Amino acid sequence: MEQKIPFTKMHGLGNCYIYLDGVTRKLSIPSFPELSKQVSDPYKGIGSDGLILILPSEQADVKMRIFNKDGSEAMNCGNGLRCVAKYAYEHQLVDSDTFFIETLSGNKQARVHVIDGNVEQVTVDMGEPILERGKIPVSGGNAEESVIREKLTVDDVDYSFTAVSMGNPHALFFVDEVDQAPIHRLGALLADTHPLFPNGVNVGFVQKRSDSEVNYRVWERGSGITQACGTGACASVVASILEERITRDVPVTVHLEGGDLTIEWRSDTNHVMMTGEAKTICEGVFFTNECL
Ligand SMILES: N[C@@H](CCC[C@H](N)C(=O)O)C(=O)O
């Protein structure tokens, strides 16, 4: 049966999602994975990297659920968290500039930076990175050890990667120049079906520019190449520190295709802090396909 669903389209550095407000209205949708595929389609839908639900929470102020373009559900989304924070604050779903957002990977504290009544920047405490092989997960090896500079050979070419989970899994490859990185080759091969990554992986390429700056490009699990990935930006800084390319406790500017994020992995808390923009693109009503 066709439904008419009010939506807001938002982006963080060009990583755009269709946001549904399930706090102020009830969402009676039989399949969110199917809806995510429909809205993400740029020709028969709206066009996006996926679907994000803003829901009531029993343990935090609001709850976020994120579905990739292919309908798969992810445990976390950095750009999504900043946009949910902006939406929640501007629609008075919360009554303070600092509040908690529940995700499938735990509660994250968000703080909105308000200028002239608008939320221009958002800082999110992304929590501790997960570094144990078995928890990321990466198959083989010792499940309790970290995965740093691990060798991987693809079609007779040797690569090395470091793996980090920010609630969702990331493999980081360091390159001299991100624009020359084998993003299509390794992204398509590793992201969704490679046996080394039983839950799939977000495939990132990192180029060090200075002691406080990196370039980062990503092929996301479930969505392909996107202009930015917040959890990936966090993982790129953690991996840079694990590989001893940059030092800890320095705010690092991560240059993504769609703009910049500031990321800091703090040694006092072991938490990763992310600061960056969140933008509203448009609002509207989506007419679902009948198969939903
Ligand atoms: N773009 C997101 C991450 C979205 C989920 C990811 N594709 C996954 O499947 O883990 C971000 O900003 O973090």
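Cβ coordinates are placed from backbone N, Cα and C, and glycine is handled just like the others.
Look at GLY230 (substrate binding site): DSSP puts it in a helix. The substrate binding site annotation in TrEMBL covers ASN15, ASN68, GLY78, ASN79, ASN168, ASN202, GLU220, ARG221, GLY230, THR231.
According to TrEMBL, the active site, proton donor annotation covers CYS77. Residue density at CYS77 (active site, proton donor): 30 other Cβ atoms are found within 10 A of its Cβ, drawing on all protein chains shown.
Under the heading active site, TrEMBL lists CYS77.
Long-range Cβ contacts of CYS229 (active site, proton acceptor) within its own chain (separation 6+, distance under 8 Å): ASN15, GLY78, ASN79, ASN202, GLY204, TYR216, VAL218, GLU220, LEU256. Under the heading active site, proton acceptor, TrEMBL lists CYS229.
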Work out the three-state DSSP category of ASN15 (substrate binding site).
strand
Using the alpha carbons only, what distance in Å do you get between ASN168 (substrate binding site) and CYS77 (active site, proton donor) once rounded?
8
Neighbours of the substrate site ASN15, ASN68, GLY78, ASN79, ASN168, ASN202, GLU220, ARG221, GLY230, THR231: Cβ within 8 Å of the Cβ centroid, same chain, sequence order.
ALA74, ASN76, CYS77, GLY80, VAL218, SER223, THR226, CYS229, GLY232
